[in-house]
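Data first, discussion second: the structure below is written as structure tokens.
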């Protein structure tokens, strides 16, 4: 088992960390974009989840028609998450070749262009370890949430049996889905139970893979910007004690600056390319996560404290917030690392250069200040956005508590 989780350690080669969590999750589901042929398990998992979403939405609407609000929210909460997962599956298939080309280009930039100096290798390693560990957090919280859902009916049945062994047990499924009565009776119920439980894990691993792919990309883009910062410092390091540069030194400096600018433009282009492919996924994820957090808070306030249901909704809220944090932190890393490049360039002794090289540096500074963002329609994922979400959620909880 530790072989599969070795990316959580700090002493592994850089290639071990590179997209470790999204690759593990997406390969299990068959949606890893690298490869010519689409695995059969990808279609099978899509069909399984599609059946789960349709039956779960049908059950939630049925509860709403019966005015069973608590049961409806409990059903629609995971149904909305699974529906967004279906959308992510379709978009991963739609942009499969684009994501593969992006991944190959990013790997080339990280391993072949960004490891020239010891400081750059340390930056790449630090960001890779951070990305692997942060990506593992929402995957583990989602796995715990799904397992809690799957074990809840079994634990309830066990408690009822221990209280009264004579009483006939009433078995429930992990998620509320509309199933034919034939499948809910003997001998098909265990298979139905396993099928419903598996739909939850498909959602979790697809979320871990898609969201992890996003954050891993942002972390490596940030590391590439920081690598350029180190290269900018190293470029001006030999001239710290100079009062003025010679024409030959200015020509050499200009060639080095042109190389930095070319790599900066390549990072900007790759970021824009990726953002456009992930715009729909990001927007849908934020909308669904907001609804999930709202449903979970309503359910938590309804069931009260100290019950298994309360633990389930707390786990669901933590999982949703963890997934939002991945997107928001990734967007902040990209924007701040680009702006920091402009600060590094401004603090270098660029006044020693000739007017031509000064203009090049000023253009680089202006370009860096117009930082690339992971913005989607209506908002841009950032830590300030995440703080606003937390503040709004806390206000809703306080308002609901005041009416109890």
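Even glycines carry a Cβ here, placed using N, Cα and C.
What you are looking at is a predicted structure, and each value in this text was computed from that prediction instead of being measured.
Per TrEMBL, the feature transmembrane segment maps to 46-64 (among others).
Look at TrEMBL and you will find 76-95 (among others) tagged as transmembrane segment.
Long-range contacts of the transmembrane segment (136-162) within its own chain (CB-CB distance under 8 A, at least 6 residues past either end) are made by residues 5, 7-8, 21, 25, 78, 169-175, 193, 197, 200-201, 203-205, 207-208, 211-212, 308-309, 311-312, 315-316, 318-319, 322-323, 325-326. Feature annotation from TrEMBL assigns transmembrane segment to 136-162 (among others).
Long-range contacts of the transmembrane segment (182-207) within the same chain: residues 25-26, 28-29, 31, 45, 48-49, 51-52, 78, 81-82, 85, 88-89, 138-139, 142-143, 145-146, 149-150, 153, 171, 173-175, 323, each at least 6 residues beyond the stretch ends and with a Cβ under 8 Å from a Cβ of the stretch. According to TrEMBL, the transmembrane segment annotation covers 182-207 (among others).
Among the features that TrEMBL reports, transmembrane segment is placed at 278-303 (among others).
For 310-332 (among others), the entry in TrEMBL reads transmembrane segment.
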Per the Cβ under 8 Å criterion, with at least 6 residues separating them from its ends, the transmembrane segment (76-95) contacts 26, 31, 33, 38, 42, 45-46, 49-50, 52-53, 56-57, 60, 149, 175, 199-200, 202-203, 206-207, 210, 277, 280-281, 284-285, 288, 291-292, 295-296, 299, 316
